[in-house]
Each structure stands twice: as C-alpha cells, then as structure tokens.
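Asks: I'd like to ask you about the structure that follows.
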Amino acid sequence: CCEWPCSHGCIPCCY
C-alpha cells in the first residue's frame, strides 16, 4: 500500500 505522510509500514509515496 502507499501512504502520505509516510511514517508507517507502507510504500512511501511521498518520495
């Protein structure tokens, strides 16, 4: 999965 903000265990989509 993707997440914003990236702070958990998912794919950092904020990069």
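Backbone N, Cα and C define each Cβ position, glycine as well.
Relevant sequence annotations retrieved from Swiss-Prot are reproduced here:
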{"type": "DISULFID", "residues": "Cys1-Cys14", "note": "disulfide bond"}
{"type": "DISULFID", "residues": "Cys2-Cys10", "note": "disulfide bond"}
{"type": "DISULFID", "residues": "Cys6-Cys13", "note": "disulfide bond"}
Asks: Return one of helix, strand or coil for Cys13 (disulfide bond), based on DSSP.
Replies: coil
Asks: Hey, what's the Cβ neighbour count for Cys6 (disulfide bond) at 10 Å?
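Replies: Other Cβ atoms within 10 Å of Cys6 (disulfide bond): 13.
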Asks: May I ask for the distance between Cys10 (disulfide bond) and Cys1 (disulfide bond), taken between their Cα atoms and rounded to an integer number of Å?
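Replies: Per the Cα atoms, Cys10 (disulfide bond) and Cys1 (disulfide bond) stand 5 Å apart.
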Asks: At a 10 Å cut-off from the C-beta of Cys1 (disulfide bond), count the other C-beta atoms across all protein chains.
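Replies: A 10 Å sphere around the Cβ of Cys1 (disulfide bond) contains 7 other Cβ atoms.
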Asks: Using a 10 Å cut-off, grab the number of neighbouring Cβ atoms around the Cβ of Cys13 (disulfide bond), all chains included.
Replies: 11
Asks: Taking the Cα atoms as reference points, how far is Cys1 (disulfide bond) from Cys13 (disulfide bond) in Å?
Replies: 9
Asks: Give me the Cα-Cα distance between Cys13 (disulfide bond) and Cys2 (disulfide bond), rounded to a whole Å.
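Replies: Cys13 (disulfide bond) and Cys2 (disulfide bond) have their Cα atoms 6 Å apart.
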